[in-house]
Amino acid sequence: MALLLCLLLLCGVADVTRSLSITSPDHMIEKAKGETAYLPCKFTQGPEDQGPLDIEWLLSPADNQKVDQVIILYSGDKIYDDYYPDLKGRVHFTSSDLKAGDASINVTNLQLSDIGTYQCKVKKAPGVGNKKIQLKVLVKPSGTRCYVDGSEEIGNDFKLKCEPKEGSLPLNYEWQKMSNSQKLPTALISEMTSPVITVKNATTEYSGTYKCTVSNRVGSDQCVLRLDVVPPSNRAGTIAGAIIGTLLALMLICVIIFCCHKKRREEKYEKEVHHDIREDVPPPKSRTSTARSYIGSNHSSLGSMSPSNMEGYSKTQYNQVPSEDFERAPQSPTLPPAKVAAPNLSRMGAVPVMIPAQSKDGSIV
């Protein structure tokens, strides 16, 4: 009895004289991405703890290859929160008076990179205390999509699918029929908690509006699906129409290509004709000089003629000179028409002159 009393007294003395200790328990916290996590760290001090107060929070990332990181520090009555870039501006002490015994922090706008073990260390010489808290960041289900995989026709097999875009496991699914008196076909009842509902030999009984709800420990999301089971369509007609449409499209493309090719050939031919220059034909002589030589020879011939030989000379020979190239000379007295036989012209010393003609393409004939 005396021994038990002594033990109780010793324990009481030890409780009175105990040093600094953290009263918050070790536990795990689960929060959704984007939310704020409260990490508690409350402590008590002993009468012998007279040193300066230092508080330090460390993060041990989920990736064991990374070393512990200091995320916030209190020392010398100052707060330092710029040690860890990934949490800069997102971690804060909850108390404005840390000496009162509350070193808890808030981590805002949680991200998946914040997952890990957080350790709170409190020092007030000679007392030292620390506590660990495991933080898990989960993603709420979101972007859930409901759709039918297959043809919604009587007698066919198809599937109703419910797929969230993101969400942390484990995920729970729940289907509900929202129309037709909420009556479910017997074959679907066993699959109403599955992400996929398989429908076999479908009938109009399956038609209606379905709602799928996806949930996990931090949130939920849902989607709605309208199912209409209809009689089979005329597949032969659909296939024939598709084939005819394809052939018509191909024919139209061929016609367009042919027209374009023809137009290009015509343009190419016009360019070749326009730029075709005959290099083997010499350039024509000046018509003006030819006309002058022609007129001079005729004047000399006329001067040697007698009035009796002028009857055979035809005035039409002057008309052979093109009017547009003839440079008019001073008017001379018009001679009376006379005709001169060809042998007489030769005996009189006349020289025959050939006036060059020109074809349409510019060559001399």
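The backbone N, Cα and C atoms fix where each Cβ goes, glycine too.
The following features are taken from TrEMBL:
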type	residues	note
COMPBIAS	269-282	compositional bias 'Basic and acidic residues'
COMPBIAS	286-315	compositional bias 'Polar residues'
DOMAIN	33-136	domain 'Ig-like'
DOMAIN	141-216	domain 'Ig-like'
REGION	269-315	region 'Disordered'
SIGNAL	1-19	signal peptide
TRANSMEM	239-260	transmembrane segment
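Under DSSP, the residues of the domain 'Ig-like' (141-216) split into helix, strand and coil as follows: 12 helix, 33 strand, 31 coil.
If you average pLDDT over the domain 'Ig-like' (141-216) in this model, you get 90.
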